[in-house]
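Step one of this worksheet: look at the structure below.
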Amino acid sequence: MELTVHPLREENVGNGLAAVDIAAMSKLDLLSGEFVELTNGDDSILRRVWPGYPDDEGAGIVRIDAALREQLGVEIGDVVDVATTTPVDAEALLVGVEEPFASLTSFKHSLLADLEGSVLAPGCTVATTFKGAPDRSSIPVAVAAARPDGVVRVTPGTDLEVRSYAHAGESNHPSATTDAEDDGENADSDGAPGHGHAEGDSAREARSDGGEAQVQPPQDANAVTTRRPETTYADVGGLDDALARVRELVELPFQRPDLFEQLGVDPPAGVLLHGPPGTGKTLLARAVANEVDATFVSLPAAEVMSRYYGESEEYLRDVFEEAQENAPAIVFIDEVDAITPERSDAAGDVERRVVAQLLTLMDGLDQTDRVVVIAATNRADAIDPALRRGGRFDREVEVGVPDRDGRAEILDVHTRDVPLADDVDVDAIADRTHGFVGADLASVVQEAAMRALQRAHNDTTTGSVREAPVVTGADFEAALEDADPSALRDMHVEIPAVSWDDVGGLGAAKRTLREAVEWPLKYPNVLEKAGLDTGSGVLLYGPPGTGKTMLAKAVATESECNLLSIQGPELLSKWVGESESRLREVFQRARDNAPAVVLFDEIDAIAGERGQQTGSGVGERMVGQLLTELDGIGGLEDVLVVATTNRPELIDGALLRPGRLERQVHVPVPDASARREIFEVQTADAPLSEDVDLDAFVGRTDGYVGADIEAICREAATRATRAYLETVGDDVDPETGPGPIVSHADFEAAFADVDPSVPADVRERYEHYETRHEQPPVDASSPAGFQ
C-alpha cells in the first residue's frame with residue numbers, strides 16, 4: 001500500500017515507530033506493535049507500526065521522524081510503499097547489553113525465556129529484567145543481527161549471543177564484536193544479518209569485512225541509534241502557520257520544478273520573514289533547508305558592508321555564485337534591513353549600490369538555478385520597496401509572537417532533553433508567559449537549568465550525596481521572576497501581586513474592567529455567539545490617590561496579560577512626528593504581545609481637547625493618532641486601553657465616544673467604612689499602643705483619600721521611631737532593643753502635618769461630571785485602592 005510521508009509530532013520524535021493512519025492499518029490487517037516494511041526504491045526499513053493521530057484517519061498517511069526519513073531517503077510529501085511482514089523462526093540472534101553480567105550464562109537463559117515467542121527485527125530494542133542485575137531495574141537489550149535476516153520469532157531453539165556495546169561517546173561506532181558467523185557467508189550476501197532493511201542498518205553498517213557484527217547501544221526502549229539531523233521541523237515549535245507557508249514556497253520548487261515548467265510560471269525567488277526578534281526566523285530557514293536537503297548559505301548583513309569601493313557588491317555576487325554551484329540552495333540574509341534601506345533615505349552611496357546589486361542578482365535567478373532567497377527582518381517597513389515586489393521577495397511571512405499553544409510547543413522542544421521533576425507543569429508555564437518569544441522561553445529553560453546545576457554543585461561541595469541534577473518547579477519559578485518578554489523590556493512593568501480581593505469595594509469599576517478584559521480571554525466563544533464586541537478602552541477618573549492605577553494593575557494581574565505602563569508626558573518630543581511615532585510603537589508592541597493592557601497614566605497630558613491648544617499642534621496630532629489606533633482600519637485585538645486621569649473635562653470628546661474610551665468610571669473618595677479598612681491595612685505591621693483608636697481617626701478623615709491616610713500612618717510611625725532612637729542609651733543596641741511603639745500622640749502630631757488632598761469643591765466637581773455624563777455610581781469602599 002502506498003502512503004504519503006508526514007512528520008511525527010514533537011512528543012513522538014525519536015521513538016523509532018511508524019504511525020500509520022487507522023484506516024490503512026485496517027486494510028493491511030495490522031495490529032499495534034507489528035513490524036512493517038517501508039520501501040522507497042532500493043531502500044527499505046523495518047519499523048514497528050503504531051496507530052496514527054485521529055486527524056489522519058483515512059488520509060493515507062504514514063508518519064516517521066526526520067532521522068528515519070533521512071535513512072529511507074524521502075522527504076515530507078513523498079510516497080512510500082508500506083507492506084506487512086511475516087516473521088520466521090530465528091536460527092540465531094545477536095543482542096547487546098550495556099555491561100556484561102558476571103553470570104552471563106544465567107542471563108542468557110533468562111533472556112531467552114523472556115523473549116520466547118517475541119517478534120523482533122535487527123535494530124529494535126527490547127526491555128527485560130534480571131535478578132542478577134545490580135539494581136534489578138529494566139535492562140535495554142539491543143537486537144543487532146538475526147539469521148535469517150528480517151523479522152524473526154524467537155524460539156527455544158534460537159542460538160542467542162549476548163555481547164556488550166561500548167558506552168556512547170567513546171567512539172564513532174561504539175561496539176563489541178562477536179564471532180557469530182553466518183555459516184561462512186559474507187555479511188552483505190543475501191540471507192546474512194543486515195540485508196537492506198534500515199532498521200537493521202546499525203548491524204549491517206557496523207560489520208567488518210570479516211563478517212563481525214557490532215552491537216550498537218539503544219537510543220531508547222523502542223529505537224535504534226540514528227544520527228539526528230542538525231535542525232528539523234521537530235525543532236521548530238509554535239510556528240505552524242509560518243512553517244506551512246514557507247514550506248509551500250520552498251519545498252515544491254525544489255521537489256517538483258517540472259510542475260512550474262508545465263504551468264509556464266517561475267517559482268518564487270524569495271521569501272521575506274518578518275517579526276519581532278527571537279521569534280525563530282533563522283531557525284525556520286535552517287529547518288527548511290535541512291528538510292529539503294538544500295545547501296544553506298548564510299549571508300550575515302554585517303559582513304556585506306565594506307569601506308572599499310565594489311567589495312560589498314563582489315561579496316554578494318560570490319555568495320549567489322556559491323549557491324548556484326551547490327544547488328538546490330537557500331541563501332539566507334539575516335537582518336536584511338541593515339543592507340537594503342530605502343535608497344531615498346540611505347545615508348551613503350554603498351547602501352544604494354548594495355540594494356541595486358541585490359536586485360540584479362535576484363532578477364537573474366531562474367527556475368533552473370533552484371536557488372531561493374530567504375531574508376529575515378524585524379523592520380520590514382525599512383526595506384527598499386523595490387525588493388518587496390513580485391519576482392523578488394514574492395511572499396512576506398509574518399513570524400509573530402506565539403500564542404499559548406505555540407509557547408507550550410516551544411517549551412516542549414527546549415525541555416525535550418532536560419530532566420524535569422514531576423512538579424514541573426509546562427502548560428502552566430505557557431499560560432504565564434504571554435508575550436514571550438522562542439528566545440525568551442529558551443532563556444527561561446536555560447536559567448532554570450542553571451539553578452538546578454548550581455544546587456547540584458552546592459550539594460557536592462557540602463558533602464551531600466551526589467545525584468543527577470533535576471530541574472524542579474521551584475527552579476522555573478525563580479527563572480520566571482527575572483524574565484520579561486524581550487519585546488517589552490523598556491515598557492513592561494513588574495506587576496505587584498494585586499488581585500480583585502485586594503481592592504475592596506469599587507464593585508462597578510471591577511465589574512466593568514472584568515467585562516472588558518476577562519470576558520474576551522475566558523469566554524471568546526460566548527461573546528461570539530452573542531455578537532458582542534467589547535470596547536477598546538476604559539477611562540478611570542477621580543481625585544488623585546483613590547486607586548485608579550491599582551485597579552489597572554489588578555486587571556493585568558487577574559487576566560495574566562502583559563502590562564505596558566505609559567506615562568503620557570514621556571511620549572512627547574520636540575521633533576515633529578516623533579511623538580506620534582512613539583505612540584504607534586506602543587500600540588504595535590501591544591499587538592505583537594497580545595493579550596496586553598496598555599495603561600496610560602495621566603492621559604489628559606496627550607489627549608487634550610482639540611481646537612483649544614496652542615503651539616506646535618503636537619497635542620492635536622497625538623489625539624488624531626490615538627483615535628486611529630483605537631478604532632482605525634487595523635483595529636485592536638486582545639488589546640485593552642486603560643486610561644487614568646484626574647482631569648476628565650480636559651480630554652477630547654471624540655475619545656470618549658463608543659468604540660474608544662467608551663466606558664468612563666468614577667473612582668471616588670473613600671467613605672467611612674473604606675477609610676477604616678485603609679487604616680487597618682496601613683497599620684497591620686505597626687506596633688500600636690493601647691490608646692490608639694482607629695475608629696476615632698476614621699471620623700476625622702472625611703475627604704481623605706487612601707494616599708492621605710497612608711501618609712498619616714507613615715508620619716506617625718516616623719515620629720515614634722525618632723523618639724525611640726533619641727531615648728535609647730549609648731549602651732543599648734537599637735537593633736536589638738524593644739523597638740518603637742506608635743502612640744495616639746504620634747497620630748495627633750501626624751494629623752497636624754497632613755491635610756486632606758481633595759477639598760469639598762473638588763469632590764463636588766467630580767460628582768457633577770459623573771452626573772452630567774450619566775455614569776453609574778461606584779461603591780466607594782476601597783481599603784487598598786489608592787495610588
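The backbone N, Cα and C atoms fix where each Cβ goes, glycine too.
According to TrEMBL, the compositional bias 'Basic and acidic residues' annotation covers 196-210. Residues annotated as domain 'CDC48 N-terminal subdomain' in TrEMBL: 2-88. The domain 'AAA+ ATPase' feature in TrEMBL is assigned to 267-403, 534-671. Here TrEMBL flags 165-235, 768-787 as region 'Disordered'.
Taken together, the residues in the domain 'AAA+ ATPase' (534-671) have a mean pLDDT of 79 on the 0 to 100 scale. Residue counts of the domain 'AAA+ ATPase' (534-671) by helix, strand and coil are 55 helix, 30 strand, 53 coil (DSSP-based). Secondary structure counts, DSSP: the domain 'AAA+ ATPase' (267-403) has 55 helix, 32 strand, 50 coil.
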